Amino acid sequence: MISSVLPPAAPVDSWRDLARLVDESTSLDQGRKIHRRVIESGYGDHLFLSNHLLHMYARLESSRDAELLLDRMPRRNAVSWNAVIRANAQAGDFPRSLLFFQRMLQDGSVPDAVVFLSLIKAPGTIQEGEIVQDFAKKSGFDRSFVVGTALIGMYGRCGRLDRAKDAFDRIQERGVVSWNALITVYSRGDEKEQSLRVFREMLLQGIAPNAVTIICIASAVAGIAAKITTCGNLIHACSIDSGLISVTTVANSIINLFGRGGNISRANEIFEKVDQRDVCSWNTMIAAFAKNGHVFEALDLYGRMTIRPDGVTFVNVLEACDCPDDLERGESIHRDARAHGYDSDLIVATALVSMYRRCGRLDRAAEVFAAIQHPGVITLNAIIAAHAQFGRADGSLLHFRQMLQLGIRPSKFTLVAVLGACATSGAAASAGRDLHRWMAECPGDCDPHDILVRNALVNMYAKCGDLDAARGIFDAAPQGNVSTWNAIMAGYAQHGYADMAVRLLYEMQLAGISPDPISFTAALSASSHARQVEDGARIFYAISRDYGLIPSVEHYGAVVDLLGRAGWLEEAEGFLRSMAIAADAAAWMALLGACRIHKDQDRAMRAAEAIVAIDPSHGASYTVLSNVYSAAGRWDEAEEIRRRMGENGARKEPGRSWIEVKNRVHEFAVKDRSHPRTGEIYERLDELRVVLKSEEDYVPDVGSVLHDVEDEHRENLLWHHSEKLALGFGLIGTKEGSKITIIKNLRICEDCHVVMKLTSKNTKREIVVRDCYRFHHFNGGACSCSDCW
């Protein structure tokens, strides 16, 4: 308490005692009491004490008290005026700072460098900064090292790099601090390469860099991917020549530089030579390993830490856990974070949510999120993205509404994540449309014309079946990027419009946009769905020949799919075995799927064995091969495949379908009876089966029921498929004649495909089904896929 340091009551305190009390004051109330005591002690007009009081008020952020005292002072000097100017500058009130500066000049006081330093802190706009510089020029202080350096920083804050350079050029004797200020200004803006030029000029002029120089230039170069290797070597050499590499913060900055450039061996070499590693040293090296895909090394280094980890440590090492195989390690790190008290830290908790998302555990991500008391926009974005990844549009929308209820302004990344959830689900079209309208009505960051948001809208409408809306947004865009074109191309490909998808590949180049690997994947997929072998082959060979790109495994897989769908199974297998890169499970699955369609059992066995060799737990390969044998009546072989599937821990993904009715998404599984209107759904399907048999010559494809049971039981099993249950609900839950849209997570079976065609004809309704391959538009008894999917 301040009262405990006040001297005993006496008629008059010494001015030195009073000055000490002024400097030790810790609150405005205490400061005012001491001020009264100064007056009562007869020192009210004492210039030295009054200046102490002025600086006290400035320190305690009370510019009003400082101004009142200044106006009552019979004598004032530059120190007096500087205190009031500084008080207003700290409050961000540039006009009042300038007012008292002008009064200072009128009073006859001569400003010194300290006054200008206080005034330079106040400007919030470039115009205000120019006013300060004009005053500094008139007095010549802008040429001084101290004031000139401060002007560089001021213009940097205002975003005027040209004026910062002008201020630098006017300094008469530039020291390393002035050079550092200019390098820092460039490194924080969009002209990082200019900071490199300044650094080189500094060296040419014989100015020795200090630790701040190396840290600033290393940070700048880390943001210029093309310069990291060559310039990183220069910076590293400078740090060695100057002996600064022994400074831990300098070593850390160079480790980060090489880590950002992917030169992990160089970064690790420097790390191992740091004598006094701090937690930042460990964090930087762990981050370098994690961001460059060296998962084992990142986790091993974390295990070797010899000092207490901090929150950044856990964020970095959690980033190394990026797939389901890393779940156990991620859980171990979670336990460590809890043991060190960091699991409740908002940034660490957000990293945990993202880690569990990447490792395929939405339930654990939700548990971590639920324990967070005050989530911010980044944390909410993480849980929204987690739900989106698993196609849970309902969860993403729930947390989006939570964000709005908490008064947290969504960022464009929030909108992209929510729209992505609607797109993945496919059955949340009305929610996506509502969000689009909300964005149009909501000012600020929620701009539907932002390129990231616009691309997400194109993708959402295309995947929710509204290709016209997707094309409308694409056409209305004043300019797009490669992702915009890829989104609309993929939309056309998925809807079966191969000619338009391929045409867009060439139109984007006429618009001055070079296709990327994703562009070619979309075009190849479109050719595959349309069985356009020649077009697909021409596109594939153009990837390397005309565009200088290296075909990826996805491109090879798309060609295998193209040949397989066209029935060229021998060519597809030969192409697979002659690939320039190792085929992955997806490429072999394309061949296996074609073997199922064309009933090539021997080739299917070879494809399945190749998949199992790559991934023994790949459930889909066992399922397809079992189906191939079952369709041929080879029940023993089918049973053997299912047995091996169980032994290897592989699991078949259960079939699920979704349909949106009256703005609510309904989910169905095979033989599902959980829906409130189950009785009506099964009754409507029984009626439909009778009608299709009698009026549309429907014959159930009992051969597609791959179980060794009687035909009658097989037919009943057929009519319990999830997409048929969704169809039944759509027929009873929507208006007659309205379109029915169904989303299926797996490939629609042949019998369900036939039933959708016949139902569209019999009920005179358009039926749209999006399965895991493409959209099927059923109308008048025909499908847009031409029975090829």
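Any Cβ shown, glycine's included, is placed from N, Cα and C.
Values in this document were obtained by computation on a predicted structure and should not be read as measured data.
If you check TrEMBL, you get these features:
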type   : residues : note
DOMAIN : 698-789  : domain 'DYW'
REPEAT : 77-111   : repeat 'PPR'
REPEAT : 175-209  : repeat 'PPR'
REPEAT : 278-308  : repeat 'PPR'
REPEAT : 376-410  : repeat 'PPR'
REPEAT : 481-515  : repeat 'PPR'
REPEAT : 618-652  : repeat 'PPR'
Next item on the list: Give, as a single whole number between 0 and 100, the mean pLDDT over the domain 'DYW' (698-789).
Entry: 86
Notebook entry, point to check: With DSSP helix as H/G/I and strand as E/B, how many residues of the repeat 'PPR' (77-111) fall in helix, strand and coil?
Noted result: 26 helix, 0 strand, 9 coil
Next item on the list: On the DSSP side of things, how many residues of the domain 'DYW' (698-789) fall into helix, strand and coil, could you say?
Entry: 37 helix, 16 strand, 39 coil
Notebook entry, point to check: Reported in the order helix, strand, coil, what are the DSSP residue counts of the repeat 'PPR' (481-515)?
Noted result: 26 helix, 0 strand, 9 coil
